[in-house]
Amino acid sequence: MTTTLEKPRTQRPALRRSGDWARRAPLLPALVFLIIVTQLPFLGTLVISFMNWNAYYPDERGFAGFDNFARVLTDVTTREAIVTTIVLTVSVVLISLLLGMLVALLLDRAFLGRGIVRTMMITPFLVVPVAAALVWKHALYNPEYGLFNGLLTAFLGPNAPQPDWVSTLPLTSVVAALVWQWTPFMMLIILAGLQSKPLDVIEAAQLDGCTNLQVFRHMTFPHLRQYLELGGLLGSIYIVQNFDAVFTITSGGLGTANLPYTIYQTFYNAQDYGRASAAGVVVVIGTILIATLALRTVSSLFREEGSR
Amino acid sequence: MTATVERATKTPSELAVAPPRRRRSGAMLGVVAWIVGILFVAPVVWMVLTSFHSETDAATNPPSLFAPLTLDGYLNFFGASTGASPWPPLLNSMTASILSTVLVLILAIPAAYALSIRPVRKWTDVLFFFLSTKMLPVVAGLLPVYLIAQGIGMLDNIWLLIVLYTSMNLPIAVWMMRSFLAEVPVEILEAAAVDGSSLAHTLRVIVMPIVLPGIAATSLICFIFSWNELLFARVLTATVAQTAPVFLTSFVTSQGLFLAKVCAAAVVVSLPVLIAGFAAQDKLVQGLSLGAIK
């Protein structure tokens, strides 16, 4: 089958075929390993999503048809989790993209200690996510001894307001902690984009009397677009799956339970395997929508690199 | 302060061209960049500072910035008060991260070779297949993995995590290594083939020295992702194979005055990632963008 598609070459067919396999051989271990470890479990999830299977009621195991999906999609908890996931992902990605772009623009110019500032900016991304979430929860947000309320007291005196950040603004608290961790990621990608922009053209435009704003709007921003897309889509893939921050800061309470956390709950605590799997399938379908876009963006960057 | 920043921004050509107003606004933006950088690093600085304070100094309101420094937080974290030692989880994390990184390299380097230097046909399709597996949410395959592991008695076994972390990082490593291997000049390889060198010999003598920095960067990034992973470890391990992030989740609920201890824990667990990350700083963006950005 494969030989018919091959470009005509001078070798004899038998030789050519063995050459093909010699080329493929180094690839196969990785490919086989990945298919077994990542694709087969998902097939398992797909099968279980059509089954009535709760580990607490082992006798009732059987085929359930679309019942799990009906339950998942009509259930208030899941619907809330879907909304939470979307709100969480969109707000974290957009805010960190915007901040990341602003910081990248600041860092794209020469100033004293640029390297130090760049290193300081990367640091939040290099704190283990669970550790970062713990620090935000206990050392920053805590209403009695957290840094935020401590600073309020320090600057406004003993009568300063002392809000309980996590209880009053639960989702915002999670978003803020995640934005802090993901802005460096966006900043790095956008900074790479800025540093690859055609400097000669921009210098020419500046000499011709274009204002900085004009240069940004008509030259820098269009060039940055694909980097913004790449950052946004890669960020979305990671943040849609976020578990650490939700688990640590709010333990999924107060309306912050996103889909990964809800699925974890359904499976780990409620032991409802069928329903957890159906929810898993729903997440995968959602992710495929984002992923298709992401793949398209990566492949456009990729083609550009190839044509260079 | 503005004056010093300004001086640094003036390169000779800029001095000649840039009008004074632009130079001053440039210095201002430098100051803004410093302020933003300090704001972003502040929670980390606060974490480190608090970890060296006593529990009572750590929990004051307003905060006591200049309280005396002590190692009590670290001593408490390493079990002086409770007896629960973090060493087994830290060693488990080290084992899982290092061994999975080694496995990833063993699988990814030959694969990347077959996708760049001697590419198979339709190599872009294969490359994108690797990437697409990375986009499948972890949580979607978790249950079957759990059931299979339960069936073959692999729950709470560090090797299960090693296998899963390998699969988690393999696509990233293949993409990164491919982008590094693409820089190897193919003519040299062809010359070697004409001279009758074997594949293994060619790899070892010609390819490896060129791509060694790439291998280093890939390893550091795989190490970071494995070290950080929580969901798999939380679901699939218990007491024996527990990793450092799982150990940290025991600090999720407040336990009275324990802020210094929490911060010490966060510092200790983050230290390997901070070291690996700063070491890979220049290649970080290439890894995070899967090699799409150089």
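Cβ atoms are placed via backbone N, Cα and C, with glycine included.
Taken from TrEMBL, the feature domain 'ABC transmembrane type-1' covers B:90-280.
Under the heading transmembrane segment, TrEMBL lists B:27-49 (among others).
For B:94-115 (among others), the entry in TrEMBL reads transmembrane segment.
Residues or ranges marked as transmembrane segment in TrEMBL: B:127-152 (among others). Through the fold, the transmembrane segment (B:127-152) approaches residues 111, 115, 160, 164, 167-168, 170-172, 174-175, 178, 231-232, 235-236, 290 of its own chain, all at least 6 residues removed from its boundaries and within a Cβ separation under 8 Å.
The transmembrane segment annotation in TrEMBL covers B:158-177 (among others).
The transmembrane segment annotation in TrEMBL covers B:205-226 (among others).
Same-chain neighbours of the transmembrane segment (B:232-251): 84, 86, 88-90, 92-93, 96, 138, 142, 145-146, 149, 155-158, 160-161, 164-165, 168, 258, 261-262, 265-266, 269, counting only residues six or more beyond its ends whose CB sits under 8 Å from a CB of the stretch. Annotation comment: TrEMBL describes B:232-251 (among others) as transmembrane segment.
TrEMBL lists B:258-280 (among others) with the feature transmembrane segment. Sequence-distant contacts of the transmembrane segment (B:258-280) (same chain, at least 6 residues past either end, Cβ-Cβ under 8 Å): 47-48, 50-55, 57-59, 72-74, 76-77, 86, 90, 93-94, 97, 216-217, 220-221, 223-224, 227-228, 244-245, 247-248, 251, 287.
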So which residues does the transmembrane segment (B:205-226) touch in its own chain, when a touch means Cβ under 8 Å and the partner is 6 or more beyond its ends? 96-98, 100-101, 104-105, 108-109, 113, 117, 165, 168-169, 172-173, 176-177, 179-181, 183-184, 188-189, 192, 197, 272-273, 276-277, 279-280, 283-284, 286-288
